[in-house]
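What follows is a single structure, and I will ask about it in a moment.
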Amino acid sequence: MVKSIADIYNEMGAYKEVVYNPPVDAKLVTETLVRQLLECADFIPHYAELMVFWARLGKEIGLETYVAVQRFQGVLSSLMQHIQSHSFSDIPSPIHRAALDIDFHGLEYATEAGIHTSQQCLLGSRGEVLSIIQDLTMFTKEDAKKVFWLSRMAGTGKSAIAHTIARWSRQRGSLGSCFCFTLVQKGGHRNKIFSTIAIDLVNRNPLVRRTLARLYEDDRLRYTGDPTQQWKKFIMEPIKEACKATRAPILIIIDAQDESDAGDTRKLILQGLSAAAERPPNIRVLMTSRPLPNIYCALRYQQHVQHVSLDGVPPELTRRDVEQYVAAKLADLRVFQAEDYVALGQMLNGNFEWARLSCEYITDRMSMEPNPRIRFDAVIAATSGTRNLLDDMYKLILTQVMQREGRLDALLVFCAVMGQVLALLEPLSMASLVAMQRHVSPKDSVDVESVICSLGALLTGITDDKTPIRPLHPLFYEFLMDKAVTDLKAHVERAKFEPSLAMDIEYFFANERVLFYLEVLSLTQSLSGTARALASIVPWFRDYGNSTQAWNAITDMEQFAQTFTTTMQRSTPHLYLSALPFASTATQAIQRFTAKFPGAIRTVTKSVDKGLSLQKVLHGHTGWVTSVAISHDERIVSGSYDMTIQVWDADVGQQLGLPLKRNKGWILSIAISQDGQRIVSGASDSIIRIWNAYTGQQLGSPLKGHNSWVRAVVFSHDGGRIISGSADKTIRIWDAYTGQQLGSPLKGHTHWVQCVAISYDGTRIVSGSADTTIRVWDAGRRQQIGPPLTRHTHLRIVSGSADKTIRVWDAKTGQQLGMPLNGHTELVRSVAISYNDRRIVSGSYDKTIRVWDADTRKQLGPPLEGHTAYVTSVAISRDGQRIVSDSDDLTIGVWDTTDSLPAVLGPDPAHRSVTEACSGEHFSVP
């Protein structure tokens, strides 16, 4: 066999045009030859291992060797005959492998996640897009892009393109794996992604197979459920080893990544695709998804990612492909003309799923309406002038399945069958569904088979008894699940006020059914945002004359949800075991609910007082918590002396993802951009870092320039600049996207710069320092501004000090406005201003937080007590319903403001318009 390989190398010198510049139709043959030579090269040095393996099996070593060599030589001879005769049209022989039967039994495989032959682009369509991806995939230079992200909205043919590329790559031997997510497959399917990719790589690449076999001897790896270890050990390391022998690209396809769960799986995939140090030079990844914000933010700044959006394809090319698809599907009917294909294609707007459904409906020979022309006209009429083409198409098909006469009974049967299909953790075949229905409801005469068979255009697996039944496209799953209805806040905003509906809502909140609602949200891990959703109902009652009782009931449940969300999220039974008893004396509504559960625990003293109350305490940091911020979507970000940054869900009090750990110094300051997508941190190592708020990945290189601790950072309102203040006595301005310092440092302070702020329009910077001064700077000219300030007529600066006071200053005159705000008994470490500029919140070393009226200078209510050490930072949510504080007691406190201060901290649209017109008239400078 060694001689045969040498002869081939010598002979290929005569076919340089095929080797160095092969025709398009010759590429498949030459690439297959290269892959087969690689298998031969792997067989020769590992022949001794195969001899031992054959001996253990009791086989004749000589005979097995002869058979293996003959098969190798047969494939090589066949491929050379193709080249010698220039007959490239025939598909070459498949690659022969003689690998050890290595035991990978610990790896789980998702059998339904591979290439689907039904999801292929029609021959001749999508040529431009396919050509771009093929070229990018096979490009082998050092600067080649490693990740290709294909995006557009659902139903536009992304999966068909991915599966076409997968089949093309498999024919050439470069496919490593193709893994397809789907909404119908639940957690088990998603958790098998990395082990499935590993098994595919093992079966397709001998070098990967041997490396993984060696790693797999470690039992800890064999049975690990850690997805991070699986990604690194099962995929990255074996591909790196394969790269040492050949630079031939190995393609991994991840289709419909947006249909993975939004938690750890998606985050880990995005982290893996973003991690430059771990990417082997020969890996290529094709990922398809909708352009979701967290995916976009994770990949947008990555130099190795090539983003290909189907939105960038000229509309005339998409329309051409759609018309070609429609013509191919309807041609057999022989009743349609070219203008019909054009009419149908023009309605599509690039949605191939809509085209497929339309053609399925029109060509359905079992339809109640046998005339295809009438069905064609029904499609046109049903979807003309509407924005939800697919929803209308689904309704049209289901309307035909369930005729008007007896529709109610048919609908009940449909719900029973499809509810069973959608609720299963893993999809079952027709035979299994029938057997399950008979076992669960033996007395019911539900004909599962007839219901499923009538949905041939919408479901897979209806043609036999063994193929799993599932929605053919995830959009049909979304249509049936109607996820928009679960968004209570959006639903309320769209609903018109009706007295009858208002009475129904009031009745719902007045009885124990609202507890059952919370119970379901807890069981489905959907409690996050519940309190905000309930709060959105109160304004809806503004036209309801007798609304006081409803307001009280809803407000009580809102505060109940805010206070006990963390408890319910951790354990659903504690809704009744802990939350209800401890809230039972707070409101009349809760007291009524308690009476419905006479066996529950009783409290003998008042449990929850109204007013500003500590909702929850967040534990997780192991060092002093130095800084907190809260985003518009209620995520809390905290920085600590433990050198980590953590992101939290403010509703449930749970940490989101893993801590951000690339820091080499204490985290002294953090800020989050207005859009909530980026976090900036300043640390004691003098370095500023920018992070993706969703994936936790560091964006770009660290910002270096300060030569001492970075004690303050802030984003400009437009997110384009970062302002930092340092113990080196300077303020610096940075480009938030490139990381470049803009101009020279701002110098003038004679001691540490403790804090910085920037005006709404970005023209003014305010800094506070340990030199007891506050300075205002022109952000454009990089110069300090002395009074008077000519562009702002009512600019006010709020400061806290070691003299235990908070002071408000008129920046135009430099004069203090009114008397100092006295109340704290120790140093005031942090101040914040509410979104409507009417309230000031302060945190102090006296372990308390206080709320002040910005106009009257009076303290509102008693101090907020709960921390057991210095309060070092405070922040206010955009809607004013939460105050967040951090402390040297290693905790973060979340405080409820909705009951005691219902209108003081929240937005006031009329007042806000004045504030914005004045270009952000308040700065808070602790």
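Keep in mind that glycine also has a Cβ here, set from the backbone N, Cα and C atoms.
Automated prediction, rather than curation, is the source of TrEMBL annotations.
Bear in mind that the values here come from a model prediction, so they are computed numbers and not experimental data.
Sharing the feature lines straight out of TrEMBL:
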DOMAIN    141-290  domain 'Nephrocystin 3-like N-terminal'
REPEAT    618-658  repeat 'WD'
REPEAT    660-701  repeat 'WD'
REPEAT    703-744  repeat 'WD'
REPEAT    746-778  repeat 'WD'
REPEAT    797-819  repeat 'WD'
REPEAT    821-862  repeat 'WD'
REPEAT    864-896  repeat 'WD'
Where does the mean pLDDT land for the repeat 'WD' (660-701)?
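Mean pLDDT for the repeat 'WD' (660-701): 86.
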Report the listed stretch (618-658, 703-744, 746-778, 864-896) having the maximum count of Cβ pairs within less than 8 Å of the repeat 'WD' (797-819).
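Ranked by Cβ pairs under 8 Å, first place goes to 746-778.
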Under an 8 Å Cβ to Cβ limit, what residues of the same chain, 6 or more beyond the ends of the repeat 'WD' (618-658), are close to it?
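Same-chain contacts beyond the ends: 264, 267, 527-532, 562, 565-566, 569, 664-672, 674-676, 679, 681, 683, 691, 693, 695-696, 869, 872-878, 882, 884-888, 890-894.
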Within the repeat 'WD' (864-896), count helix residues (DSSP H, G, I), strand residues (E, B) and coil residues, in that order.
0 helix, 20 strand, 13 coil
Helix, strand, coil: count each for the residues of the repeat 'WD' (797-819), based on DSSP.
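The breakdown for the repeat 'WD' (797-819) reads 0 helix, 11 strand, 12 coil.
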Mind checking how the repeat 'WD' (821-862) divides into helix, strand and coil residues in DSSP?
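Looking at the repeat 'WD' (821-862) with DSSP, the answer is 0 helix, 20 strand, 22 coil.
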Just to be sure I understand, if DSSP states are collapsed into helix, strand and coil, how many residues of the repeat 'WD' (618-658) fall in each?
0 helix, 20 strand, 21 coil
